[in-house]
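Copied over from TrEMBL, here are the features:
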BINDING   75-82, 140-144, 194-197  GTP binding site
COMPBIAS  23-40  compositional bias 'Low complexity'
DOMAIN    66-247  domain 'Tr-type G'
REGION    23-56  region 'Disordered'
Amino acid sequence: MWTLAGQGCWRGRALAAWATRAARRGLPGPRPAPTRGAAAESKAPDRSYSSADRKETIDMSRFPVENTRNFSIIAHVDHGKSTLADRLLELTGAIDKTKNNKQVLDKLQVERERGITVKAQTASLFYDYEGKQYLLNLIDTPGHVDFSYEVSRSLSACQGVLLVVDANEGIQAQTVANFFLAFEAQLSVIPVINKIDLKNADPERVEKQIEKVFDMPSDECIKISAKLGTNVESVLQAVIKRIPPPKVHRKNPLRALVFDSTFDQYRGVIANVALFDGVVSKGDKIVSAHTQKTYEVNEVGVLNPNEQPTHKLYAGQVGYLIAGMKDVTEAQIGDTLYLHKRPVEPLPGFKSAKPMVFAGMYPVDQSEYNNLKSAIEKLTLNDSSVTVHRDSSLALGAGWRLGFLGLLHMEVFNQRLEQEYNASVILTTPTVPYKAVLSSAKLIKEYREKEITIINPAQFPDKSKVTEYLEPIVLGTIITPDEYTGKIIMLCQARRAVQKNMMYIDQNRIMLKYLFPLNEIVVDFYDSLKSLSSGYASFDYEDAGYQTAELVKLDILLNGNIVEELVTVVHKDKAYAAGKAICERLKDSLPRQLFEIAIQAALGSKIIARETVKAYRKNVLAKCYGGDITRKMKLLKRQTEGKKKLRKVGNVEVPKDAFIKVLKTQI
C-alpha cells in the first residue's frame with residue numbers, strides 16, 4: 001500500500017541519488033529546504049518606515065500671533081514670482097536644494113506646459129531670525145489679467161505683498177493693476193526688483209519708474225536674482241520687519257474664511273482657510289454660514305508645500321481643513337466656518353467674479369453628457385470664477401453656457417477638462433454679455449425688469465422692442481516703448497477705442513489708457529498688439545460698465561432658413577465684414593448636395609453677404625455627339641427644372657464637424 005511515509009522515503013532516496021550524480025559531475029547539489037521559521041522570515045514584509053515616510057504633526061501653538069506673517073507675491077506675467085517662491089522654500093528648508101526645483105508650487109499640468117501660474121498656491125514657511133522662529137504664510141499668485149480674481153482672493157488672507165518687477169522689462173500693465181489691488185486692500189507693499197543678473201538689466205531705471213508711478217522711495221526696493229538666489233535672504237527679513245502681524249483674537253470663538261478649495265476623489269472637499277478668530281482642531285464640529293450644514297473636522301494642517309497635518313490651527317494662521325464635505329456645492333469660496341452652537345457674524349467674503357466672456361460648451365457625443373456635467377462641477381469648485389447656465393442647441397444637443405474672465409481663462413479651463421477628466425468638448429465662438437432697455441410696459445412685465453442681460457445671441461431682442469442697446473466697456477492700460485506708439489494708436493482706433501490718458505513713465509516708455517468695447521478686444525486684440533510691438537507692449541484691462549451702442553443681430557441663412565447656432569451680435573459698422581467671413585467659412589465646410597445651397601448673412605430682412613455652394617451636376621450632354629443645339633438646350637432646361645424642384649423639397653442639414661469648423665474659436 002502506498003503511504004505518506006513511503007512517499008517521503010522515496011523522495012529522500014531520489015534526492016540522495018541526485019546528489020551523488022551531481023557530485024560525480026562536479027555540479028552543485030539540490031538546495032536544502034528552508035525551515036519553517038526561515039520561510040516565514042523571508043516572506044514577512046519589511047514594516048519599518050523611515051521618519052521621512054511618516055507625516056510628522058507640527059505643534060502650531062509655538063507660533064504666537066506676533067511671530068506670524070501672511071504675504072502674497074504679485075507681479076506681471078513672467079517676472080519671476082514662482083522662481084522667487086522656489087528660492088524662499090529652499091531657504092526655509094521646506095524643499096531640498098536641487099536643480100530640479102522649477103515652479104514647485106505650480107502643480108497643474110497646464111501650468112507647467114504653458115509656464116504660467118493659473119491657481120494661487122499656499123505654503124507655510126518656518127524661519128529663524130534673531131533668535132525667534134517665525135511662521136511665514138506665502139501665497140504665490142497668477143500674473144495674467146484673466147486670473148486677477150485669484151489675486152484679489154489671495155490678498156484677503158494677507159497683510160502684505162511682495163511686488164516683483166523685472167529689472168530688464170520694468171513696470172508692465174499687470175504690475176500697475178496688481179499694485180492698486182494691494183493698495184485698495186490697504187496692504188504693506190515691498191517692491192522687489194528681480195533678474196538683476198541679466199545682461200540688459202537696469203535696476204536704477206526700474207527704481208525711478210517705481211518712484212514715479214507708485215510714489216514709493218527707491219531706497220525701499222530690494223534688488224535680487226531669484227534664479228541665482230542672490231540677496232533673497234533680505235526679502236525674508238524685509239517680510240518680518242515691514243509686514244505687520246495679523247490683527248486677530250485667539251480667545252474669541254472660531255471664525256475662518258474659505259479662500260480656496262479643491263476636490264479629492266477619496267477625501268471629498270479640501271478647503272483652504274484663513275483663521276481670523278479662535279482655534280480649530282480635529283474632532284471639532286463646525287458649521288458653514290452659507291449652507292448652515294454641520295460637519296466634523298477630520299483633519300487640519302498646513303501646506304509646506306505638501307499637506308502636513310497639525311493638532312490645531314490658530315487665529316492668524318493659514319492652512320487646510322477636511323471635514324467630510326462630499327458634494328462640490330457645499331464648499332463655497334468666501335464662506336465663513338464657525339463652531340457648532342457658537343455662531344459668529346460672517347466675514348464679508350468676496351465680491352463675486354464678473355464674467356467677461358461667454359461661450360457654449362457641448363459634449364462631442366451626447367452619451368458623455370453626465371460625465372462632462374460631473375467634470376464641470378468638480379472643476380468649478382476649484383475655479384469658482386466660472387459661471388454655468390444650462391443650454392441646448394438643435395444641432396449640438398444639450399450643453400452649457402459658461403462665463404469666463406477672459407479668453408486665456410477659457411482656454412485653460414478647456415485644457416484642464418481634457419487633461420484632468422479626459423473630456424472632449426465643442427466650444428462655440430466667445431461672446432460678451434449685452435444689455436437691452438425695453439420700450440413697453442407689457443415687455444417689462446413679461447421680463448420682470450426694464451434692463452435685460454443677453455448672454456446668448458439667439459435671444460437678442462428685435463429693435464422694435466427696445467429703446468437702446470448697451471455693450472460692456474473696459475478701461476485698458478497699454479505700456480509700450482515709444483517707437484511703437486503710432487501703430488498702437490491706429491490699432492486702438494480701428495477697435496473703436498477712445499483715448500483717456502497718455503503719460504511717459506520714463507524716457508522711452510509710455511503708458512496709454514483707452515476705453516474699449518469689450519467685444520473688440522476679446523478674441524484677437526492681444527495677439528495683434530504683441531505682433532505690432534515685437535512683443536514689447538503689455539496690456540491689462542478692468543471693467544468700466546456699459547455704454548450705448550448701435551448693435552445688430554447677424555443671422556446666417558441656409559436656403560432661406562435661419563441657423564440659430566451661428567447667430568451673432570455685432571456692431572453695425574462691422575456687420576458686413578463679420579457676415580462675409582462666416583459665409584466664406586461655411587462655404588468651405590459644408591458638403592455639396594445635388595442642389596445649390598445659398599449661404600446668406602442677413603440683418604433683419606436685408607441680405608448683406610452671400611456665398612453659393614454649387615450643386616453636383618450630371619453631364620446630360622454626354623450622349624449628344626454633334627446634332628442640333630436645340631436638343632442640347634432642351635436637356636439642360638429639363639435638368640435645371642429638376643434641380644429647382646429638388647431645392648424646394650431638400651433640407652440642408654449642417655453636419656456636426658462643419659459646425660465645429662465654423663464655431664471653432666478664431667484665435
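Please read every residue number as a count from 1 along the shown chain.
For all residues, glycine too, the Cβ spot is worked out from N, Cα and C.
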Go through Lys81, His144, our binding-site residues, and report the one whose Cβ sees the most other Cβ atoms within 10 Å.
Lys81
Highest Cβ count within 10 Å among the binding-site residues Ala75, Ile196: which residue is it?
Ala75
For Asp78 (GTP binding site), the number of other Cβ atoms found within 10 Å of its own Cβ:
16
CB neighbours of Thr141 (GTP binding site) within 10 A?
27
Mean predicted confidence [pLDDT] for the domain 'Tr-type G' (66-247)
81
